[in-house]
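Here's the structure we're looking at; comments come further down.
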Amino acid sequence: MHRSSDPAVSGRRVRRTAAALALTFATAGVLVPAAPAHAAEDETPIAVSLGDSFISGEAGRWKGNSDTFTGSRDGTDRAYTGGSYDATTIYGGSYANGCDRSDSAEVISAFGAEEAVNLACSGAKTENILRESSGGEYFKGERPQADQLADLAARRRIDLVVLSVGGNDLGFQDVIAACVKSYQVWSSCRSAQQKSIDSKMGAAIAGVGNALDEIRAVMDDAGYDRSDYRIVLQSYPSPIPRASENRYPSSGWSRTTSGGCPIGDGDSNWVRDSLVPAMSERLAEVAADREVQFLDLQDLFQGHEVCSSASRLATSSNAPSASTSEWARFLTTGMSQGILRESVHPNYYGQLALGRCLALIKDEPADESFSCHNTANQGTSGVHLAPRY
């Protein structure tokens with residue numbers, strides 16, 4: 001395999017290879033609700049999000065990706081203030097503890113800050129959803145999310161609770177890190193990582209079921225009837241494209257130095273067409289078992305994954321846009337752009353797309369499940385639902 005020794009490429013190679021290693025080590029008939037039975041202080045209905053980084057808003061700082069390391073990074077860095085960078089303008093106070101709740105997070109982009117509350121926290125597992133009295137654990141200095149939900153349910157009228165969880169229980173970021181490491185040494189991750197996923201899947205899905213039960217219990221204790229609100233359990237969009245849809249070859253260094261997607265062809269296909277769909281199927285099963293609505297997101301980023309041939313990096317002559325840019329954050333160390341934990345998460349455009357999915361499903365019957373898709377060249381305005389049977 002030939003890899004270029006050009007000095008410019010070598011410089012980028014150092015940065016991207018450092019990113020790969022850093023990630024490895026860092027992760028080693030519509031139903032209309034009646035007024036609720038309980039007496040809320042504020043009867044204005046709100047939506048609440050619970051869960052992990054894919055719904056908290058991690059990577060919401062970025063409007064697509066760019067290889068430019070200075071200034072606004074070709075318009076992609078929303079935290080650029082003209083002379084410096086301030087991530088708190090995007091993540092607010094949650095940047096300090098790493099929960100990273102962005103101003104474009106799914107529930108906020110769907111309904112607006114006045115009609116939504118984001119309790120999700122980047123890195124959360126199912127154990128961080130359960131109330132402390134049920135064995136739930138504090139996370140990043142915050143009370144278990146169901147305890148926070150209970151406080152909110154007593155004061156506000158909640159008509160939607162959306163949950164994204166399970167990926168950290170499965171070690172999804174560890175899987176990506178292992179695949180990145182394998183690519184750096186011309187190897188493959190999928191065989192070993194499939195075994196790891198298989199060993200964790202049962203417990204992870206059981207944990208998701210427990211989290212859903214806990215949400216029901218919280219709402220029951222707050223005096224809500226089942227018809228007062230709905231629960232939506234969602235799956236995960238793939239941040240990685242199929243090998244045939246990657247704009248960079250597997251050989252050479254361009255996936256590492258330019259694209260920020262250092263994963264081999266076979267492993268890319270495994271993530272896109274095996275791992276992510278398997279996670280969706282198991283989450284759909286637990287949603288059906290608990291009689292909650294399911295939102296399948298596995299194909300939402302199609303054509304907008306990191307390094308997808310249907311999208312492109314922003315440049316000085318090609319401004320970022322929802323129709324042309326990637327919807328997931330590429331791999332970065334945080335040494336020159338942002339922070340490591342933002343890597344391979346839905347970015348600003350991805351979060352707007354997720355928000356549209358959520359807004360659309362809320363207008364559908366609560367006992368029907370859907371998948372969410374985008375339309376080529378239409379940006380987030382082309383996001384639409386399809387019945388999931």
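For all residues, glycine too, the Cβ spot is worked out from N, Cα and C.
Please treat TrEMBL annotations as automatic predictions, because they have not gone through curation.
According to TrEMBL, the cysteine that forms a disulfide bond with C189, out of C121, C179, is C179. Comparing H345 (active site) with S53 (active site, nucleophile), their Cα atoms are 8 Å apart once rounded.
Taking every protein chain shown into account, C179, C189 are the disulfide-bonded residues, and of these the Cβ with the most other Cβ atoms within 10 Å belongs to C179. DSSP assigns C179 (disulfide bond) to a helix. Rounded to a whole value, the Cα-Cα separation of C179 (disulfide bond) and S53 (active site, nucleophile) is 20 Å.
Around the Cβ of S53 (active site, nucleophile), the same chain contributes D100, A120, C121, S122, G123, A124, N168, R341, H345, each under 8 angstroms and 6 or more positions distant in sequence.
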